[in-house]
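Student: From TrEMBL, for reference:
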{"type": "COILED", "residues": "504-531", "note": "coiled coil"}
{"type": "COMPBIAS", "residues": "654-664", "note": "compositional bias 'Polar residues'"}
{"type": "DOMAIN", "residues": "8-382", "note": "domain 'Cation/H+ exchanger transmembrane'"}
{"type": "DOMAIN", "residues": "479-564", "note": "domain 'Sodium/hydrogen exchanger regulatory region'"}
{"type": "REGION", "residues": "598-689", "note": "region 'Disordered'"}
{"type": "TRANSMEM", "residues": "6-25", "note": "transmembrane segment"}
{"type": "TRANSMEM", "residues": "37-56", "note": "transmembrane segment"}
{"type": "TRANSMEM", "residues": "68-91", "note": "transmembrane segment"}
{"type": "TRANSMEM", "residues": "103-124", "note": "transmembrane segment"}
{"type": "TRANSMEM", "residues": "136-156", "note": "transmembrane segment"}
{"type": "TRANSMEM", "residues": "168-198", "note": "transmembrane segment"}
{"type": "TRANSMEM", "residues": "218-241", "note": "transmembrane segment"}
{"type": "TRANSMEM", "residues": "262-284", "note": "transmembrane segment"}
{"type": "TRANSMEM", "residues": "290-316", "note": "transmembrane segment"}
{"type": "TRANSMEM", "residues": "328-347", "note": "transmembrane segment"}
{"type": "TRANSMEM", "residues": "359-382", "note": "transmembrane segment"}
Amino acid sequence: IPSVSSIVPESCLLIVVGLLVGGLIKGVGEKPPILKSDIFFLFLLPPIILDAGYFLPLRPFTENLGTILIFAVVGTLWNAFFLGGLMYAVCQLGGPGLNHIGLLANLLFGSIISAVDPVAVLAVFEEIHINELLHILVFGESLLNDAVTVVLYHLFEEFASFEQVTILDIILGFLSFFVVSLGGVLVGVIYGVIAAFTSRFTSHIRVIEPLFVFLYSYMAYLSAELFHLSGIMALIAAGVVMRPYVEANISHKSHTTIKYFLKMWSSVSETLIFIFLGVSTVAGHHYWNWTFVISTLFFCLIARVLGVLVLTWFINKFRIVKLTPKDQFIIAYGGLRGAIAFSLGYLLDYHHFDMRDMFLTAIITVIFFTVFVQGMTIRPLVDLLAVKKKQETKRSINEEIHTQFLDHLLTGIEDICGHYGHHHWKDKLNRFNKKYVKKCLIAGERSKEPQLIAFYHKMEMKQAIELVESGGIGKIPSAVSTVSIQNINPQTLPLERVLPALSKDKEEEIRKILRTNLQKTRQRLRSYNRHTLVADPYEEAWNQMLLRRQKARQLEQKMNNYLTVPAHRVDSPTMSRARIGSDPLAYEPKEDSENLPIITIDPASPQSPESAELGSEEPKGCSGLPPSPEEEEEGLVMRVKEPSSPGTDDVFTPGNSDSPSTQRMLRCLSDPGPRPEPEEGEPFIPKGQ
């Protein structure tokens, strides 16, 4: 029924099925089965965690590891102690039915109910297709908070049997957190390396290659649980470590088998967990206390919201990509509880915790509320808030090249600045992996294959398989490269081109040249700090020289502004000839026009650019005489230049334009003399003038 499954998450529907099955079994008169903790922790949980760890998106996980750890460790500790303390206060004020519950029992209950459940988060978040950042933050928190939950659970369980808890016990409990988490990771890394090393020698027995992956992963989980370490951390570490080396060694069929078997196994486990949750709700013994249950639910929500807001405010001070209020809401709202809390509650001993049934009832109530209410409403809220969804895009060679280029660029920038950030350590780890680890764990030539080439081969194989499955082998598009065709129809490879070998002396000479000429960026450089820079002895002199030069330039610019007035634009010779040709009468010489500006034009040579020149242009008022009314009406008069007599020199013969009055007029136009700029509040005409 697609209309129902699009509204209600699959986990909710499975719990409803479990409730129906449990009710049916109870109605028949049989006793319904209860989800026992041993079955849950030994058989149902490991496949889900291995699937999540083996196919973990490593790049976004490592880039956001600091944020995930803060949410997983500090957030879970805050939830546990805040919830435990408040529930202890509620028990003290809640009446006779709750007075006997002590502080340790409430703290134990807080540690059980505070952890976000990876199974519930996976079930809900994979259906709403939230963006990669939010998914990895919430899911990563649910995976890594297992260490905190295991430590707190065993700690408070042990403290409950003590007559008195000393400071030494608290310090040892604090140190046990590091032992549990780091010990689990170490166990996972050891088994991951062993699995990768074993896969190097399985080329002749391809059938059992997937078995080694499942076997070593499960042994890592059991070994960690045997020593009370974090089994979930061990499984994640084993999956992350073994995957790149195992995939390079095993065949493509084995890789497909591992992928689909893990998906199927985790899906079956998830289905059984949620169905058993429903059946156990019907079958279990319950003790309902309104005050305790409602207070638990309310304080769970309050603790989650406050923890996310405070921690995000702190985290955003160090993040480049800030977490927006929408992101914070989704992180707080996505804190779902699930079967891990139920199983831990079921593990409690009646001898030390006689209120176990009430704890289980409150835990089931919180699980149902988070899975049903929050799980069903998170998809409409994501759409309502327009939160960015996950974009289904295929990775391309172009994207991989640019990603690696940016990684190298950022590593180089960090080296130059002397700041060793996570790009530097990531580059160091990659170099160590390439130089030593790959040679030990990967067989054959694949150990020397660059990452880009390996990615290219993987994409080509995938493209070839899709082509075969679609039935398009007969009409291969031009976009498919020759490698795809070779993967489909293997042909005999051509002989490799023999490269000329360099002698040892020549190679050493080239190395020496490169060593002396290239900058050594790998050496430890001093961090850049403007307060600790060495002072340059010539810097002060250079600054003084620049200031003097700047002042001289400003003074020169100011003098130019004082002494320069833009002259009237004179028509070009072409425009003048055009005006005369269009209206010759307008430019005829007029009587009594000796004092008017005259433009002399030589009509005999229209091609020469010097044919039109400024002969005499005296503006009214510059000649010293007041303008007459006729002059005001007549304006400019153009006079035809008289042809020069033969033998005279046009250049050296003084003309009308060389007269003293004309020169005085031109000087008056171009240089009106210095005039001080009026200050604010000062009149344009000074007094007394």
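Cβ from N, Cα, C; glycine included.
No curator has checked TrEMBL annotations; they are predicted automatically.
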Student: What residues elsewhere in the chain lie close to the transmembrane segment (168-198), defined as a C-beta under 8 angstroms and at least 6 residues from its ends?
Tutor: 147-148, 150-151, 154-155, 159, 162, 212-213, 216-217, 219-220, 223-224, 227-242, 245-246, 249, 440-442
Student: The transmembrane segment (328-347): which same-chain residues, six or more beyond its ends, come within Cβ distance under 8 Å?
Tutor: 34-37, 40-41, 44-45, 71, 112-113, 115-121, 124-125, 130, 134, 137-138, 146, 149, 153, 273-274, 276-277, 280, 300, 304-305, 308-309, 312, 356, 359-360, 363-364, 366-367, 370-371, 374-375, 378, 381-382, 385, 387
Student: At an 8 Å Cβ cut-off, counting only pairs 6 or more apart in sequence, do the transmembrane segment (290-316) and the transmembrane segment (262-284) clear the bar of 3 or more pairs?
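Tutor: When sequence-distant Cβ pairs are counted, the transmembrane segment (262-284) does not touch the transmembrane segment (290-316), since fewer than 3 lie under 8 Å.
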Student: Mind pulling out the one from 37-56, 68-91, 136-156, 262-284 with the most Cβ pairs under 8 angstroms to the transmembrane segment (218-241)?
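Tutor: Per the Cβ count, the answer is 37-56.
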Student: Take a look at 37-56, 68-91, 359-382 and tell me which one has the most Cβ pairs under 8 Å to the transmembrane segment (262-284).
Tutor: 37-56
